[in-house]
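Asker: Just lifted these from Swiss-Prot, have a look:
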type	residues	note
ACT_SITE	CYS86	active site, nucleophile
ACT_SITE	HIS194	active site
ACT_SITE	GLU196	active site
DOMAIN	3-225	domain 'Glutamine amidotransferase type-1'
Amino acid sequence: MKFAVIVFPGSNCDVDMFHAIKDELGEEVDYVWHDTENLDEYDAILLPGGFSYGDYLRCGAISRFANAMKAVQKAAEQGKPILGVCNGFQILVESGLLPGALMRNENLKFMCRTVQLRVENNETMFTSQYEKDEIINIPIAHGEGNYYCDEETLKQLEENNQIAFRYVENPNGSVSDIAGIVNEKGNVLGMMPHPERAVDELLGGAEGLKVFQSILKQWRETYVVNA
């Protein structure tokens, strides 16, 4: 399986994402600059955290216009797994690939610590290696991670089982404790916590690795078993 890590000006978690795929998952991965127009050779697309374009205007508001996002949109339409973490989640929302918005944290402070998440839906291509309601420890590092959507959108997220992760103790004011959501098709996941920073027991825990293992399992079942 071949992954692409999209690198925007100001990305700073791309190296962590690359390490998670290459060294921990053991799969092929490339850094791909934001001006690329073709992602056809990749099986999965990863949008890392950071401060793309300095977070000017709004987090992700400029990145959504990058050439690469047209290719990401195409990949999403093709059903390829798209994972956006932290700033990557913000970019997915700004691009319209996921509903809602990310606002300033409720306490108006940047937050950097490990939090507990509850796996709400383990039937997605990103969460199949977890148990439903499993509690996992994943780091956060954000100033604008307060997820918001209107009541109708929240109702749709609930009814369609699109909420992948919830905070056990809400750190930022996100509506309904939401930490991560998928699109209706189930192949686009956005989450504020950083699973790529929780892939090595020597560095504090590996409970985020299952996100990437789930992607790999889905791909193998689809393209290897059926080959």
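Cβ from N, Cα, C; glycine included.
What does the local environment look like for each feature on the list?
Answerer: In this structure, CYS86 (active site, nucleophile) belongs to neither helix nor strand by DSSP; it is coil. Taking a C-beta cut-off of under 8 angstroms and a sequence separation of 6 or more, CYS86 (active site, nucleophile) has the following same-chain neighbours: CYS13, PRO48, GLY49, GLY50, ILE140, ALA141, HIS142, GLY145, MET191, MET192, PRO193, HIS194.
DSSP gives HIS194 (active site) a coil state; it is part of no helix or strand.
Around GLU196 (active site), the same-chain residues at least 6 positions away in sequence with a Cβ under 8 Å from its Cβ are CYS13, ASP16, MET17, HIS19, ALA20, PRO48, VAL85, GLY208, PHE212.
Residues belonging to the domain 'Glutamine amidotransferase type-1' (3-225) score a mean pLDDT of 95 in the model.
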